[in-house]
Amino acid sequence: MDRSSLLQLIQEQLDPENTGFIGADTFTGLVHSHELPLDPAKLDMLVALAQSNERGQICYQELVDLISSKRSSSFKRAIANGQRALPRDGLLDEPGLGVYKRFVRYVAYEILPREVDRHWYFYRHRSCPPPVFMASVTLAQIIVFLCYGARFNKWVLQTYHPEYMKSPLVYHPGHRARAWRFLTYMFMHVGLEQLGFNALLQLMIGVPLEMVHGLLRISLLYLAGVLAGSLTVSITDMRAPVVGGSGGVYALCSAHLANVVMNWAGMRCPYKLLRMVLALVCMSSEVGRAVWLRFSPPLPASGPQPSFMAHLAGAVVGVSMGLTILRSYEERLRDQCGWWVVLLAYGTFLLFAIFWNVFAYDLLGAHVPPPP
């Protein structure tokens, strides 16, 4: 029985007068008598929704949203009422799982802070569509790096090659009018060390986040970090170019680490304190390396080296926009006041940065290096 037939059967038999509510006991009897294909987690959630209703009824629209796997705050409201009975056995006790389902369980414990969310994700997860965004971005970055490395015959500190800044992908302050460069710089990297660091984090953190929160949310967060990185550099370090996907990477990592800290007691990932310390050390070391290359270049250069401000801007985007996204699992972002506050702040920043790039360089008489 497909989804539409299931919903039609439920409405015809349990709500013929179109009152908008269905009795929980009657619905449970229909489920067992017709052997309706519902996930166990969804049945538990329907019971939770009914228990949160004074009359023990299920709202038909909440039922539609749940069966359709739409993001809704209804389930969280039911949990908040303290009337939901969680399954006694955790996912760690689930027997007979294949390799992929064990990986899904691992992702659930790595990303989600509550057992109920982990159950919900584990039972509703489907392998299609796969997490293609982070994998595609990482693959494209590797291909671009290999092409330029073979062309320059240089794999470390590529930015010191005289032809590097002539790439149409690099953000350079002399090419601000070419708006695509504010995003495409994420495909270029200083060298193998920066590419390896970013690619590792994108696959280890970005892919699990995309599996849980979806392509749209994680791609929005990543690209927001990338764009904020280049715009911040254009405001705070006006003579410097930008390369690398660090703005997006730091947005993802900062959002995930902040979410772990705020839900410390509920996170079940092993060695979380040690891993948190290692992540912070690695991220700080990468920022330190970028600062060193910016102000103390180890080789003679024809112009300023790439700025480190994109790292910091990405971290700010992660802690603000990213944390709002990651804390809203199975909830519509548009229903949350905090999301609109974050969007307003980000939009204000974008408008300010656009005006700055159009007018401030001339008004301040900034000495921008000649474009390559």
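Using the three backbone atoms N, Cα and C, a Cβ is placed for every residue, glycine included.
For 132-151 (among others), the entry in TrEMBL reads transmembrane segment.
According to TrEMBL, the domain 'Peptidase S54 rhomboid' annotation covers 178-327.
Residues annotated as transmembrane segment in TrEMBL: 182-203 (among others). When Cβ-Cβ distances below 8 Å are used as the criterion, the transmembrane segment (182-203) is approached by residues 134-135, 137-138, 140-142, 144-145, 148-149, 155-159, 167-171, 223, 226-227, 230-231, 234, 241-249, 252-253, 282, 286, 289, 293, 306 of the same chain, each at least six residues removed from its ends.
Annotation comment: TrEMBL describes 215-235 (among others) as transmembrane segment.
Summarising the annotation, TrEMBL assigns active site, nucleophile to Ser246.
Residues or ranges marked as transmembrane segment in TrEMBL: 247-266 (among others).
Residues annotated as transmembrane segment in TrEMBL: 273-295 (among others). Only residues 6 or more beyond the boundaries of the transmembrane segment (273-295), in the same chain, are considered here, and those with a CB under 8 A from a CB of the stretch are 157, 190, 193-194, 197, 237, 240, 246, 250, 253, 257, 260-261, 304-308, 311-312.
If one looks beyond the transmembrane segment (307-326) by at least 6 residues along the same chain, the residues whose Cβ comes under 8 Å of a Cβ in the stretch are 111, 209, 213, 217-218, 220-221, 224-226, 228-233, 236-237, 240-242, 244, 246-256, 258-259, 262, 283, 286-287, 290-291, 294, 333, 336, 338-339, 342-343, 345-346. Residues or ranges marked as transmembrane segment in TrEMBL: 307-326 (among others).
For His311 (active site), the number of other Cβ atoms no farther than 10 Å from its own Cβ, over all displayed protein chains, is 23. The active site annotation in TrEMBL covers His311.
Annotation source TrEMBL lists transmembrane segment at 338-359 (among others).
Annotation: stretch 215-235 has the most Cβ pairs under 8 Å to the transmembrane segment (338-359), among 132-151, 215-235, 247-266. Residues 158, 163-164, 167, 169, 186-189, 192, 195, 198-199, 202-203, 206-207, 209-210, 215, 218-219, 222, 245, 248 of the same chain lie 6+ residues outside the transmembrane segment (132-151) yet bring a C-beta within less than 8 angstroms of a C-beta in it.
Using a 10 Å Cβ-Cβ cutoff, Ser246 (active site, nucleophile) registers 32 neighbours. Secondary structure of the domain 'Peptidase S54 rhomboid' (178-327), assigned with DSSP and counted as helix (H, G, I), strand (E, B) and coil, comes to 110 helix, 1 strand, 39 coil.
Between the CA atoms of His311 (active site) and Ser246 (active site, nucleophile) there is a gap of 6 Å.
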